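Trainee: Structure provided below as C-alpha cells; questions to follow.
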Amino acid sequence: MTVDELKTKKIGVLMGGLSAEREVSLKSGAAVHQALLARGYDAVAIDVDRDIAQVLVREWVDVAFIALHGRYGEDGAIQGLLEIMGIPYTGSGVLASALAMNKIFAKQAFQAARLTVAPYKVFCRGDKAALAELEFSLPVVVKPSQEGSSVGVSIVKKESEFAAAMKEAFRYDREILVEQFIKGSEVQVGILEDKALGAIEIVPKNEFYDFDAKYSPGMAEHILPARLPAELYRKVLRAGEDAHRALGCSGYSRVDFLVTEEGACYILEVNTLPGMTDLSLLPEIARGSGIGFEDLVERILAAAALKISQ
C-alpha cells in the first residue's frame with residue numbers, strides 16, 4: 001500500500017501481549033505508535049489480550065502494525081487471527097513466524113539451506129537429560145525452544161551446572177535445545193524489504209548477550225559496522241538474507257550470528273519481529289544506512305499485507 005492509501009486507514013499498533021517479553025513489547029509499541037502519529041497516521045495503541053479479536057472490530061482497525069514479541073505475537077498466532085479477519089499486517093506470515101520462533105525447526109530449515117549451525121541436541125520434558133548423551137563437550141548453551149530475548153538461556157561450563165540450567169529452561173518450554181558453545185563475535189544483520197541493511201557487532205559487558213545486556217543502557221557496546229574484514233562482512237550479509245529466505249520471511253527481520261576468528265558464520269536465530277526500542281538493533285542498523293526511525297516504521301508499514309493467497 002502507498003503512504004496516501006495508508007493515511008486513509010486506521011492503524012492498530014499491537015503491543016504488550018501475553019509473553020515473557022511483554023514489557024519490551026510495550027516499549028517497542030509505544031515507539032512505533034509515536035512515530036506513526038508524528039507522520040500523520042490515524043494510529044491506535046492496542047495492548048493485546050485474549051479479547052483481541054473483539055478489540056480489533058471495536059476499534060475499526062484496517063491495518064495492524066505488529067510490535068509484539070514472543071509467544072502469541074511472534075509465533076504465527078496473531079498472524080493467523082489477522083489472516084482470518086482479513087486485516088493486513090506487518091512482518092512475516094504464519095508459517096515463517098512459527099518456524100522462526102521454534103529454534104529446532106528453524107535449525108532444520110537453516111541446515112537444509114546449507115547455513116552453518118552449532119551442533120545441538122533436543123530434549124523434551126520427561127527425558128532423562130544427561131551430558132553423556134551429547135556428541136560435543138562443555139561448555140554448552142541451554143535454551144528453551146520457543147522464547148526470545150535470551151529468556152531461560154544459560155551457559156553451562158561445569159557438569160554440576162547442567163541440571164539447574166535444564167530446570168530453568170523447562171520453566172518456559174516443553175522442548176529444550178542444548179548447543180555447543182561457540183566462541184565468536186555477536187554479529188546481527190538487519191533486513192529491510194528482504195535486503196540486508198548492514199551488520200552490527202555486540203560486545204556485552206557480561207559473559208553473553210543476555211536479557212539485561214539487551215535492554216539495560218550501558219550493558220553492551222554496539223559497533224556499527226561490525227569489525228569484520230570486507231569479504232567476511234559481505235559473507236555475513238549474504239548469510240542473513242539466505243536465512244531470511246530459508247524461513248520464508250517477509251519484509252523485515254534481524255538475523256543473529258556468531259562469527260569466529262576463522263571466519264565461520266554460525267546462525268543463531270531469525271527474529272521476525274525485532275525490537276523497536278531506543279536500544280534496539282534494527283533501528284540502529286537502519287540509522288547507519290541513513291534511515292531514521294520514523295522512515296523505518298513507515299517503510300515497514302508500507303509492506304503490510306495478507307500473506308495467505310485468496
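The backbone N, Cα and C atoms fix where each Cβ goes, and this holds for glycine too.
Relevant sequence annotations retrieved from Swiss-Prot are reproduced here:
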DOMAIN    107-302  domain 'ATP-grasp'
BINDING   135-188  ATP binding site
BINDING   D256, E269  Mg(2+) 1 binding site
BINDING   E269, N271  Mg(2+) 2 binding site
Trainee: Just to verify: the residue among V142, V156, A163, L177 with the fewest other Cβ atoms within 10 Å, which of the binding-site residues is it?
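Mentor: Result for the binding-site residues V142, V156, A163, L177: minimum number of other Cβ atoms within 10 Å at A163.
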Trainee: Across all the protein chains here, work out how many other Cβ atoms are within 10 Å of the Cβ of G184 (ATP binding site).
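Mentor: Other Cβ atoms within 10 Å of G184 (ATP binding site): 17.
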Trainee: Where does the mean pLDDT land for the domain 'ATP-grasp' (107-302)?
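Mentor: Mean model confidence (pLDDT) across the domain 'ATP-grasp' (107-302) is 90.
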Trainee: Out of E135, F170, D256, E269, which of the binding-site residues is least crowded by other Cβ atoms within 10 Å?
Mentor: E135
Trainee: Using C-alpha positions only, work out which of the binding-site residues E135, V142, V156, G184, N271 is nearest to D256 (Mg(2+) 1 binding site).
Mentor: N271
Trainee: Count the other Cβ atoms sitting within 10 Å of the Cβ of N271 (Mg(2+) 2 binding site), across every protein chain shown.
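Mentor: The answer is 23.
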